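Participant: Structure below; questions to follow.
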Amino acid sequence: MGASAIRRRATHGKCLDEVAEHCVDFATVRAKYHSPAHPPLENTLTMRNQWKPISFALGSLWVATLTAAVVVSLPDGLRSDAMADQTAQRAGAIDPGQGLNTAQDLSASFRTVAEAMRPSVVSVSSKTSAKAVASRLPPGLRSQLPPGFEKYFEDPSQGGRQMPEREGQGSGVIVREDGYILTNNHVVEDADEVYVELSDDRRLEAEVVGTDPETDLAVLKIEADNLRAIAFGDSDAIQVGDWVLAIGSPFGLDQTVTAGIISGKNRNRRIVNNGNGFEDFLQTDAAINPGNSGGPLVNLRGELVGINTAILSRSGASAGIGFAIPVSLARPVLTSIIEYGQVRRGFLGAQVRDVTPELVAEMGLKVDDGALIQGVLDKQPAANANLQPGDVVVSVDGKKVRSSSQLVNYIASRPPGASVAMVINRDGETLTKTVNLQERTSEAMAMFNGGSVLGAKLEPITPESAQRYGYSGMDSGLIVLSVEDGGIADESGLMAGDVIESAGGNAVSSVTALQAIITEAKRQGIPLRLIIRRGNTRMIVPLQ
């Protein structure tokens with residue numbers, strides 16, 4: 001199932017779609033549906049035509065259990081030998097008392113954790129005022145509109161269309177007793193007002209300290225006394241099959257607790273920041289619904305292991321496949337935002353990809369997994385540490401590297417200036433390299449992307465390119481070499497051959513300068529307009 005199958009409904013009309021599955025007797029259900037006669041539950045639940053049989057099977061399970069209970073409870077004199085044999089077969093080798101005690105112990109664990117978590121879990125509500133909507137009409141086509149259609153493409157600054165006021169709801173978790181709260185970015189994105197409701201019914205206005213669209217995380221701050229912060233767990237240590245609880249305010253029902261297990265780890269679905277974010281999701285079947293976003297996923301010790309974020313579903317109905325940002329990814333973001341007001345990330349300066357069986361065969365690699373270094377940027381950390389194209393990173397700081405995304409996420413989680421120890425395989429030889437990370441800046445990323453910004457390939461105009469594209473005498477600006485389908489440049493109406501003269505009123509003569517202007521506009525939440533040349537025409541292009 002592709003990324004289009006991920007539905008994320010905005011808590012104020014933009015993103016997140018989170019669902020719940022009412023489950024009974026998890027172990028029995030999984031055993032039943034992972035038998036050779038049934039496909040794996042994960043695959044089955046993504047198929048619409050399988051919903052009815054699964055529901056029916058769960059109902060049958062209840063009936064069978066109830067029947068067994070009735071037979072066992074009959075007096076000996078009323079049971080035939082056949083019935084006794086049947087009861088023995090159903091009971092198996094497990095003592096009923098032992099099973100009951102185990103279930104009661106698990107139930108007691110759930111109760112203890114749920115009660116302990118109450119003071120740390122909050123409801124988050126947001127309000128976004130009506131805003132002007134920029135026209136999506138490509139430049140130069142206004143004159144071709146049929147009469148009466150102009151109003152749908154009016155300039156927002158001239159009183160054009162308005163995005164209606166929106167209200168939304170999500171969840172959050174108190175991470176410090178001085179009032180810091182962790183939640184999802186999409187819960188508070190673009191919000192003008194944010195409020196937090198505590199478990200004791202106090203409702204407080206919250207400050208958005210900082211957001212990070214690249215991980216879909218945000219940090220809030222409230223002024224209040226007697227706050228209880230959650231304890232942090234180890235999401236790296238948690239294993240598939242471990243029990244977890246999801247806590248939050250689905251559909252406005254505060255302090256809702258659901259239980260499930262860790263169904264998978266290291267999931268990368270390319271759903272954060274339009275597929276350009278950092279992802280390493282924990283997968284769980286604990287029920288997650290609209291309003292759970294930003295709430296905690298905790299282990300049975302009551303420790304935070306993830307922030308509930310998204311689900312996988314074809315229809316938006318419950319599919320039992322939810323995703324949580326692991327605390328190993330969330331905690332560095334939290335620390336950086338509290339300390340700097342923004343996220344500062346380490347930068348390696350190398351292009352990497354997964355090691356696949358095809359690459360192993362094609363390149364004669366001596367290892368079966370890891371992160372293959374494809375390219376190294378001059379005068380950047382990887383080059384300074386003498387990493388070379390063809391090297392395979394097999395571990396970093398003692399952690400085994402199984403994929404390129406795992407390496408990228410780890411490097412991004414380290415602060416600028418940090419040193420990391422990499423074990424690499426180079427033509428069968430194992431080497432250890434110490435890499436001193438630099439800061440991941442807009443300039444570094446522009447260089448890393450080879451001049452690709454906004455989904456367009458750009459380069460400073462030269463006398464040769466000016467002559468080639470018909471701009472003789474033009475000596476400054478960025479020429480658009482190509483435009484990716486569906487990217488920001490494409491949606492905004494940019495075309496190959498255009499020349500970007502300025503952005504936000506500032507002349508641009510380099511890709512890094514344009515990237516810096518775009519980054520600052522995003523940080524301030526202000527719209528950005530480009531002045532471009534297309535042939536003999538100068539025009540304004542609002543970025544979409």
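Glycine residues also receive a Cβ, built from the backbone N, Cα and C atoms like all the rest.
Curation plays no part in TrEMBL annotations; they are all automatic predictions.
Pulled from TrEMBL, these are the listed features:
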| type | residues | note |
| --- | --- | --- |
| TRANSMEM | 54-74 | transmembrane segment |
| ACT_SITE | His186 | active site, charge relay system |
| BINDING | His186, Asp216, Gly291, Asn292, Ser293 | substrate binding site |
| ACT_SITE | Asp216 | active site, charge relay system |
| ACT_SITE | Ser293 | active site, charge relay system |
| DOMAIN | 337-428 | domain 'PDZ' |
| DOMAIN | 434-517 | domain 'PDZ' |
Participant: Could you tell me the C-alpha distance between Asp216 (substrate binding site) and His186 (active site, charge relay system) in angstrom, no decimals?
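Facilitator: Distance (Cα to Cα, whole Å): 6 Å.
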Participant: For His186 (active site, charge relay system), just give me the three-state DSSP call.
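Facilitator: DSSP assigns His186 (active site, charge relay system) to helix.
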Participant: From the DSSP assignment alone, can you count helix, strand and coil residues within the domain 'PDZ' (434-517)?
Facilitator: 25 helix, 25 strand, 34 coil
Participant: Using Cα-Cα distances with a 10 Å cut-off, which of the binding-site residues Gly291, Asn292, Ser293 are near His186 (active site, charge relay system)?
Facilitator: Ser293
Participant: Using DSSP, tally how many residues of the domain 'PDZ' (337-428) sit in helix, strand and coil.
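Facilitator: Summed by class, the stretch gives 25 helix, 28 strand, 39 coil.
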Participant: Between all pairs in His186, Asp216, Gly291, Asn292, Ser293 (listed as substrate binders), what's the biggest Cα distance, rounded to the nearest Å?
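Facilitator: The two farthest binding residues have Cα atoms 15 Å apart.
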